[in-house]
Amino acid sequence: MGKRKEITDKDNGKQKMWIMITVIIVFFAMAGYAGMSYYYSDRFFRGTTINGINCSGKTSEEAEQAVAKKAEDYLLEVKARKLKSQSINGKLIGYRYVSDGSISQYLDEQKPYKWVQGFWKKQNYTAKENMIYDKVKLKEQLEKLECVKKENQIAPEDAYVAYKDSKFEIVPETEGNTLDFNGAYQALSEAVAGKKRTIDLNSCPAVYVKAAVMKDDSDLKNSLEECQNLIQTKIVYVFGEETVTLDGEEIRNWLIFDERGQLQKNEDELRQCVAEYVAQLAATHDTVNTEREFCTTSGRTVQVYSSVYGWKIDQEKEIETIMQEMIAGVQINREPVYAMRANARGMNDIGNTYIEVDLSAQHLYYYQDGSIILESDIVSGDMQYVERQTQPGIFQLYYKKSPSVLKGKMLENGKYEYERPVTYWMPFNGGIGFHDASWQPYFGGNRFREGGGSHGCINLPADKAAELYNRIDESVPIVCFY
């Protein structure tokens, strides 16, 4: 009995020892695993590659540096026509890598406790290589290349149109070779931006100036025809009873020829000459932005300025029209292209049909063919407030609307300063217009000076507003004055 107990105690001792050993092993294994998990909390697992670079055990910063080093190891080989290749080193143009944050993101997505997977599972990442470079330095490096030097270039001479013996003709071409610096720079810029390591300038169409204009070139023949048309052009401008003529003799003075008689065809310079001609035409015939003497019904003579009424040549459109007519060799009698038109010619371009608004007398007259067909007392803008005073000038009706609601400015609370329904609304100067005003106790007199004026509009009695509404149209000048 005693012997059996002794054996049992021995077995129990061994069992406890193995349990303790197992616990110790497990503890150290777990501690080791936890330690490695901590190690890989800011490092990439074993077997990790980014852009083909082994980044095992690297921090995101170290991985960024490795990717940057590879990306920044850049050399651009430049092949030029009939010259030896030359290279531009990336360091000389400030070629460098800029992180997009993807490497840090890859590391953030990594689960540290799965570090053991790195022994059998490979992880291949791709990070976008955002590269930047100094454009000024690239241009400086381009300037140093042999292909840019003038002594290595032969200038081509195209066929051209020349003026000889009082006529235009085509002079045959002579070929040559020259480099377009801007085109070459653009090609290099695109190559660097595209991370290309070789560029053949000969394959870039914008780099070399081609001697491709031959004497039988269709465009050149068209150019010859255009030149012939230029001096055949005749435009007779009609300003009422007055006429002004633009013909080939004048146009001939706008053309520039070199010592060989070659026409220096420069559309920009020709357009500038046309622009100057049109500007002078406008200066002598436009009436917009000028003051006019206006004889009032009361017998006064006042000066009335207008920037929105009168004759105004649309200079841009007129320039374009002349350019097209010169190309076609047009002979024509016509008016200029107008941006704005008045009702009459001459100093008094208002004509005999207009609306006179005497703001001092607070009275309106509607003239048709020189006779008054409507008149009325009015109330204009309140003179006690500068922003409400009715502005003088010459205007024209925008449109008519019946009925309508007049609204003031929007307040901070989202409501309008005022909302006033009217039956007849006839705007002619921004938010200023004619309308009926049933709230006015009377019209005329000094109400507009004594606090009873409008916000700038011309207030009318309802019957007069209705009559005006039925008569007025967009062509009638509206003359406002004090």
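Along the chain as shown, residues are numbered 1 onward.
The backbone N, Cα and C atoms fix where each Cβ goes, and this holds for glycine too.
If you check TrEMBL, you get these features:
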- His435: active site, proton donor/acceptor (ACT_SITE)
- Cys457: active site, nucleophile (ACT_SITE)
- 128-155: coiled coil (COILED)
- 353-481: domain 'L,D-TPase catalytic' (DOMAIN)
- 21-40: transmembrane segment (TRANSMEM)
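Note: the domain 'L,D-TPase catalytic' (353-481) comprises 16 helix, 54 strand, 59 coil (DSSP; helix = H, G, I, strand = E, B). Cα of the residue listed as 'active site, nucleophile' to Cα of the residue listed as 'active site, proton donor/acceptor': a distance of 7 Å. Sequence-distant contacts of the coiled coil (128-155) (same chain, at least 6 residues past either end, Cβ-Cβ under 8 Å): 51, 67, 71-72, 74, 78, 80-81, 83-84, 86, 88, 90, 92-100, 102, 176-179, 181, 184-185, 188-189, 192-193, 195, 201. Non-local contacts of His435 (active site, proton donor/acceptor) by the CB criterion (under 8 A, 6+ apart in sequence, same chain) comprise Ser404, Leu406, Val422, Tyr424, Trp425, Met426, Cys457, Ile458, Asn459, Leu460, Ala465.
Residue environment of Cys457 (active site, nucleophile) contains 27 other Cβ atoms, counted within 10 Å of its Cβ in all protein chains.
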